[in-house]
C-alpha cells in the first residue's frame, strides 16, 4: 500500500512539474491565435474566435525572415566551429599525454568561471577598432569562445572511455593520427557531438546579450534582438504580433531538441557509466 501511494505521489509530482514547464508554451501559441480585442480582455481564456491574422501580419511585414536568417547563420557557423575545435582538442587532451596537457585542460576548465558580462566592453572596443561591429563575426567569436570549455570537457569525458587498445591497434595497422580521429574515434562520439550541437543550438539561437551589445544595424539583427522591434514607441506593444513572432522563432530550436532528444540523453549519460 505504501509503495502504491509513493508511485501515485511521484506521478502527481511529475505531472505537476510537466504542467508548469509546458503551460507557458501552450499559452503562447493559444495567445498568438487570439484576436487583439479578445487577447486584451480575456488573456487566459481559450480562443473563442481563433485567427491566424497575426501570423499573416508578421510574414507580410517580412522582418522575421531576416532575423531568422541572421540567427541561422550565426548558430550554424558557431556550432560547426564549436564541434570541430572541441572534438579535436578533447581527443588531444585525453589521448596524448604531454607535460602541458594538464595545464591546458585546467585552462579550459577555468573558462567556465569567466562571466560573459566582463568581456563585453573589451570586445566592443576591439570590434570597434577593427571596424567589424554589426557583423555576424562579432557574435560568432564570443559564442565559440564561451562554449569551448564545457564542450571540451564533454568530449574529454567521452574519449576517456575509448579503449587505448583500439587506438594502438589502428597505429599498428598503419593508421595516421588524423585517420584514427576521423575514421575511428570521432564517429564513436556521435551522441556527444549531437548533445553539444543541440545544446548550443538553443543557447546561441536565443542569445540576446551579445547581439544587444554588438549589433545596432537592423539588417544584422538576430531573432532575440529583432523581437524587441515589436515593442512600439512609449512601450506600446502589438501583443498579437509579438506572440506570433515568438511562436515562430522558438519552433526551430524546439524541433531540433525533440528530434535529437534520444541522442542528447545518451550523450549526457555517456561519461557517467562506462560502456
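Positions of Cβ are set from backbone N, Cα and C atoms, glycine also.
On a predicted model such as this, the values are computed, not experimentally measured, just so you know.
Check TrEMBL against the ranges 170-192, 193-215 and you find transmembrane segment recorded for 193-215. In TrEMBL, the annotation transmembrane segment applies to 144-162, one of the ranges 125-143, 144-162. Taking every listed stretch (74-93, 105-124, 144-162) in turn, the largest tally of C-beta pairs under 8 A with the transmembrane segment (193-215) is reached by 74-93.
Long-range Cβ contacts of the transmembrane segment (240-260) within its own chain (Cβ-Cβ under 8 Å, at least 6 residues beyond either end) map to 25, 28-29, 31-32, 34-36, 39, 53-55, 57-58, 61, 64, 67-68, 71-72, 194, 197-198, 201-202, 205-206, 223, 227, 230-231.
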